[in-house]
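In what follows, a single structure is set out as structure tokens and then discussed.
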Amino acid sequence: MSLNLSAEEQTAFDQLFKIADKQDIGVITGEEAVPFLEKSGLAPQVLGQIWQIADAENRGFLTFSGFVIAMRLVALAQEKLPFDYKKSGKIPYFADIHISGVDSSKFVQLNRPNNVSSGDGSDGSFLPPISSDEMTRYQQMFTTVCPTDGLMDGDRASSIFGRAPLSTEILARVWNLVDTHKRGALDIREFNTGMHIINLLLNGSLKSPPVSISPSFIASAASTSSVSAPSQYPGLSRSPPVQAPNIPVSDPWAIPSQDLTSFCQLFSNVDKAHKGYVSGSEAYSFFLASKLPEDVLAQIWDLSDTNSNGKLNIGEFCISLYLIKLKLSGKELPKVLPSSMLSSVAPLMQKSKSVPTSIPSVVPANISSPNPNPTLAPNPTGPSRVTSGTEDLLSLDATPFSPTLAPQHTSSNATKHSAPPVTKSAPFPVVSPLQLNHTPGFPTSPAAKPNSPTSTFFPQSSFGQTIAKNTMDKPSAVRTSVPSQLAAPIPQVASAEQLKLAAEVPKLESQLSQVKKSNDDLQKSSRDVAANLSDVKAKVSEIRKAYDEELAKAKQISLDIETNKAQTEQVNREYSILEATLNALQKQNKQKGEVLEQVVAESEAAKNMVESSNASIQQLKSEVADKEQTLAQLHLQLDEMTQRLVSLDEESKAVSQRKLDLEYKINNSKTQLATATEEYHEHSKQLEAEKQELSKLEDGLKSVNLTEEAPKPEVDSTPRFPSFTSNGITTDKPTLPDTTSSVPTQHNSFDAMHNTLRSPSLNSNNSSAHASTVSRNPFHNLKISGASSPVSNFWESEFASAVFPRSISKTTSLSVNNSSVNPSLDSEPVQLSNMEEPQHQDSSVVDVSTSASQRGSPVLSDLSKLTGSARNTAEPVENTSAEPIENTSAPTPFEIANKQQATEPISAPFATETISTPAPVKPPVPPSRRDRSAQDGVVQQATPHIQDEFPPIQFNEIDDDESSSDEEPPMSNLSPQISIGSVTNYTSAVTELPDPNHQLEMSTTTHVQHPNSETIPSSTENQYFDTTSGAFEANSNTEVTVNSNEVSQPFDFDTANESDNDDDELPVQQVVSGSLANDAFNVDDEFDNQFANLQAAEIKDDDNSSTDEEEHAGHH
């Protein structure tokens, strides 16, 4: 019966069948089915009903079709539905079994059965009851091991229990539980209980053996021990299965002992009649369950049937099952059975010989039978049909049989011969009705009917033909042996017996008459049967012919059906592929249509966006143009406001600087005023003393009569008189001889005071006390070169640009008298006023005049205050304009000399070389911090001074001879011009500096032009600040030309030190080449000459040189 399975059922049942078929032989035996079905949680009675329905043929095992029926019945029982297994339903639930690939909703929702013990209880009531199948199986095992007595000793029980794959500890606990009498042996109840516990442990129903078992459970384990097996296992209690011997396996073809035990159990299930062998019909259905081809099964049958008798005993059955197992595992079958395989089943073959086989017994016919003339009915014939392989196998035991009874011949002389009648010849043995009933394949009607026409059956399958060949060859021996038994001569009867027989003659005669009558009836019936037989033969031949034709047609139809099935399957596959392709194409077309619609919509949206974007762009362009125009206007306004802010800022800075200047001047003036006051008091005291001495000398002169005039003493032709400026600074103002007056020079004692008030000379005798010590003059580290040096001129320019921070015009000239420089000038600020550019501005020689004053000994203006001489007290008015203001006071001898010198050309060794410095000008830098590139003709940028190293020098203006003003004249009105013997013209724009410390942060970039006409460009963005307008103006770059011969002259330190310690004093007035100005300062003339000829010395100062290099790299 074929059942239509769903996909879920097919998947689930395949997995469950593989789990239940532990031996992997293609069928599920009763031993394997019991523990498997118990996991469903159903009662044993329900499982027994399910087994009877699934195993309808009562074969003792389940094929896959029977297993499917059992699974559906289990699912229906779990859902408590009627047993209708023809309809598909849910998948049954089995404890501890997981099935993959099936939805959980397809399973029966059933919890774990409660009747299965977990092994944790201490009472035996937790153990499930022993099913009848298990009880029968356990009883067979017990009776096999103990056939006589009712006890199983420990060795035999341990050998059986030890076959379970459990630990020794668990088996010992099981033994202690079931050995209730502690006698070292088990009866059938205890043995069944122990086997049941072991089975529960193996299938997972119990995790561990229980603590104790109730006596009632053990007593119920043997309640069915004397009852025969249930209907599905007929005859198991009558014939226990043969146990497989324990044969060591050393050869791959030898059958293992475990397999032999399993095969013997299967043999007992298949051999339901316990004949000791398995017929072809019984083996055929069992072998087909392995799903092997029929030709392979036929080969296995040929190898297993060692006796070629068409049936398999227990040893041959084990061989066939082992060969099936090897073939299923993928191994090839041997051509001939190996000796190791035969030796492994040899004990089973010997035991099978002692089992009687069912051979039909031959008995003589009973002559005195009350029914001597049985009626023979012909075998009915039906329509021909196609036989299957199973029918071929089932018909092997139905041997062709056509019994005929020969007529009996008795002695005519009944009185002389009294012997039982016998048949003379019989072609087939007479079989008893009992034997016929036990012969499979015979009809239920009487078989011993003579003249019964039968036809010989020829099986169609190769497997059936192989078995039929072996079976058809055997009955010939039996048929040939029967006549020999019937033809045996009857032994002679003794005389006594003859007398007895003679007494029975009348009786026998009467019987003879009856027999004759019966013979006549039989002959008549025989003739009738012969006539019927000819008719039947004719009909049989016709039917045989029709059968063969129909058989050929059936085969052809079968072939056509198979071909059509193959074609139909191919067409169905192609149809499935085409249908899937069509669905895929339709789906793709639909998707592409949707994408096309979406793309079209997006394209339309993009076009609209482009149009709106173009309109927005045009609008934005117009707005951008308006914004740009507005922005340009705003930029113009911003530039204008920026310029205004810059102007205001510069003006603010100028005012702040002016304020700081004034505060600084006020502080200096206060300090100088205090110093001058002290000096004034000292001079007053000295003057009083001198007056007293003078009065004494005058008194002495009056008393002395001079007869002749005293020689004229040699005094300084340029007497110096102390003078106090308006800010309290004392200055030395030379008094030049008046060429227009013939007033003789007065000789008084003020010259001594004047000499006393002079500053100590570098070469005077007053400094001899310090000759042995190291000079602290920073200029002693410089070397002296020739009469004139560009370095000295550069110092003059540096000091002029640093100490005169204000610039009225773009060009300011400064020339320092080399004979009036004092080291004390380094600590005083210098002021420089603007001068008008002379008419010969384009020439290389520019006349400069000076109006600076140096604090020192009293000058003429101060002396005039002391002596009470008249001075010009007119205060000059400060002029803030850019134009220079002329001095309204009378010209001084300095100015007269300078004006005369301005008209004459200057002849100097390097008068043709011009040094120009762009604005802004920064404070002076000592030679030790200058770059060493001066030897190459380039004056590098000076590094800033450290604080208080070289403070700026301040020069106060020189008052006029007739002036006695107490206030400082405005800086814009000063126009100092001093003529120097070797003059170098400097043209620079000076920037007003906020304070002395801030002046050190400024720097001056000087461009020097080498005699070889190598031009070095100056900074491209030099600017100077105009104090009158408060704005910066760009200064054009100029070139500076320096005589490299003069620059390269070394400085003589030895000469400088010797001249520093010299006691001789230079005269106050000194004439230099060209036009020389008078010395207005109280300093040494020799130092002035040295200062004019200074040259930078090569001094290795790592710190200063690194600073110079960094600053030089920053500017370049």
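Even glycines carry a Cβ here, placed using N, Cα and C.
The coiled coil annotation in Swiss-Prot covers 565-707 and rests on sequence analysis.
Among the features that Swiss-Prot reports, compositional bias 'Polar residues' is placed at 401-416 (among others).
Annotation source Swiss-Prot lists compositional bias 'Polar residues' at 723-749 (among others).
The compositional bias 'Low complexity' annotation in Swiss-Prot covers 755-774 (among others).
The annotation compositional bias 'Low complexity' is assigned in Swiss-Prot to 812-827 (among others).
Sequence annotations record features per position, and here Swiss-Prot assigns compositional bias 'Polar residues' to 864-890 (among others).
As annotated by Swiss-Prot, compositional bias 'Acidic residues' applies to 957-969 (among others).
Taken from Swiss-Prot, the feature compositional bias 'Acidic residues' applies to 1055-1066 (among others).
Annotated compositional bias 'Acidic residues' per Swiss-Prot: 1104-1116 (among others), in sequence order.
Sequence-distant contacts of the domain 'EF-hand 1' (8-43) (same chain, six or more residues past either end, CB-CB distance under 8 Å): 50-51, 60-64, 67-68, 70-71, 74, 77-78, 88, 91-97, 99-103, 106, 110, 112-113, 115-116, 128, 131, 133-134, 137, 199, 202-205, 232-233, 262, 265-266, 269, 286, 289-291, 321, 324-325, 328. Feature annotation from Swiss-Prot assigns domain 'EF-hand 1' to 8-43.
Residue counts for the domain 'EH 1' (9-106) under DSSP, helix first, then strand, then coil, are 50 helix, 5 strand, 43 coil. Here Swiss-Prot flags 9-106 as domain 'EH 1', drawing on sequence analysis.
Here Swiss-Prot flags 42-77 as domain 'EF-hand 2', drawing on sequence analysis.
Residues annotated as domain 'EH 2' in Swiss-Prot, with sequence analysis given as evidence: 134-224.
Break the domain 'EF-hand 3' (166-201) down by DSSP state and the numbers are 25 helix, 2 strand, 9 coil. Annotated domain 'EF-hand 3' per Swiss-Prot: 166-201, in sequence order.
Each residue in the domain 'EH 3' (259-348) has a pLDDT score, and their mean in this model is 84. Per Swiss-Prot, domain 'EH 3' is recorded for 259-348.
Here Swiss-Prot flags 292-327 as domain 'EF-hand 4'.
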